Amino acid sequence: MQPLRRRLISSSRLYHSYDHPAPPAATFNQVETAILDASLPHIPTYGFTQTTLLRGARDAGYLDASTNIFPRGPFTLIHYHLVIQRLSLAKQSHILQRSNSNEQPLSIASKVKALTWARLMGNKDIVHRWQEALALMAQPTNVTTSVVELSSLADEIWFLSGDTSVDSSWYTKRASLSTIYASTEVFMTTDKSHGFEETRNFMDRRFSDAQNLGVALGSLNQWVGFTAHAGLNILRSKGIRL
Amino acid sequence: MATFRKSPFPASQWLIRDFLAPSLIPRTSRTIRCLSTTSNSAAAVSPTEPSYEPQRRIPSSGEEAATSSAPLKKSLTQAQRDFLTSALRVNQAGELAATLIYKAQTPVVVAAHPHLRPLMKHMYDQEVSHFSTFNALVAKHRVRPTAMYPVWTVMATALGWGTALMGREAAMACTEAVETEIGSHYNEQVRYLLEMVENMEREGQDIGDELKTLVETIRRTRDEELEHLDHAVENDAKDAVPHTALVEFIRAGCRGAIWVSERV
């Protein structure tokens, strides 16, 4: 229980300082990063396999045996890919800030959409191998890391988009974005259309579904609140001390 | 001083004003400037410039001043980040509850005792400003808000409404209990933060405006919460029946809520 709890906490949202540099990421050390970095170009050919790690280790100038530093084998490669792609979202400056002033800055919702699409396009080159990855990610030993990584992605997208809601919607927003992203990602693995047009349409439909649901829930909430207030005020007007 | 130099006053007047100036400067910054034998950069540039910079770190020894020109920027430790995370989360939850308690109490209390309207409004407005301060901090520092948000919303509203129905004294006793608990909680946070700042200072680390502002914010909030406590006691909180039972019950509830909010 303790290691799992520790792992969940260390990767969950902790105080993000602007004055102090972020602590060095404990996930991958220097050697691991070197090997994994060198492995990335081999993924389209060899997939998320031990072979890719081996090629990466050779390219980085390490012995074949050095792949033993990855006890989880190919899953580490998947994890590395997820982390790298998530962190690269912060560099999507064309979405996050419009440089020329004649273009209107995007709304939060359209930033979320654009960033989600940008993240999906990060899988573009390896999408024919992504089903293997999804299978590995769903294995019981890996599923915690995968889910944590998915929620970190949703958190990153909402944060980068400039969303500042800190009530219950913090949770619902992240949950719905995670659902949308995960389902679209699965859809993308079978998409053969030009430029992933079908995936784009699929994602747009998911976003509008979520929006409709949000509007419906919001209206219901408003109606309940209004009725309760009105009822209370009627009772008060009748002279009942409430 | 720059304004004086530009001003068209003759030199004699200039002198008189310069003579008067030190009395306007806070004592600490002046004494440090006069006694400092180290090459404090601020003092070295212009010793007569009465600029008020209480935040400037004075090197504790000449050696330190020579070796570390810029203070270290070290990342916060895991323990420090854990503390800041749960502190911001629990403060936000607390202010949410406080806002809702006053919001629920106000219509009932004011209907029976119209003279309390300004006081209730004053306390409510302060809570709203605390709540928005901590909301902004939670969002800025990417802290996860408490998962119990809907639960606290319902419970705080029920508490405020319930005590208000029991009468003015009970409502004030509720304020007394809540503010006592919150005040001592903020006090603990300030103590921990000051200790942390002191340790960082001893290691020659740069504390940064972020933490300094946070300490100031929590201090100011604490003072305002304790002011509410005084208002409650002035308004006969002690006359609530049964006073001890009610206050102890609410305080226990607050402690439980704080414990939970720090974790989830």
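A Cβ is built for glycine as well, from the same backbone N, Cα and C atoms used for every other residue.
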If I go by TrEMBL, which of B:Glu95, B:Glu169, B:Glu188, B:Glu262 binds Fe cation 1 at the same site as B:Glu127, B:His130, B:Glu225? B:Glu95
Beyond B:Glu127, B:Glu179, B:Glu225, B:His228, what residues of that chain have CB atoms within 8 A of the centre of the Fe cation 2 site's CB atoms? B:Ala98, B:Met123, B:Gln126, B:Thr175, B:Val178, B:Ile182, B:Gly183, B:Glu224, B:Leu226, B:Glu227, B:Leu229
Cα distance (Å, whole number) from B:Glu225 (Fe cation 1 binding site) to B:Glu179 (Fe cation 2 binding site): 6
Cβ within 8 Å of the mean position of the Cβ atoms of B:Glu95, B:Glu127, B:His130, B:Glu225: remaining residues of the chain near Fe cation 1: B:Gly94, B:Ala98, B:Thr99, B:Gln126, B:Ser129, B:Phe131, B:Ile182, B:Thr221, B:Glu224
With every protein chain in view, what's the tally of Cβ atoms within 10 Å of the Cβ of B:His130 (Fe cation 1 binding site), excluding that atom itself? 23
Distance [Cα-Cα, Å, rounded] between B:His228 (Fe cation 2 binding site) and B:His130 (Fe cation 1 binding site): 13
Tertiary neighbours of B:Glu127 (Fe cation 1 binding site) (same chain, Cβ under 8 Å, six or more apart): B:Glu95, B:Ala98, B:Thr99, B:Tyr102
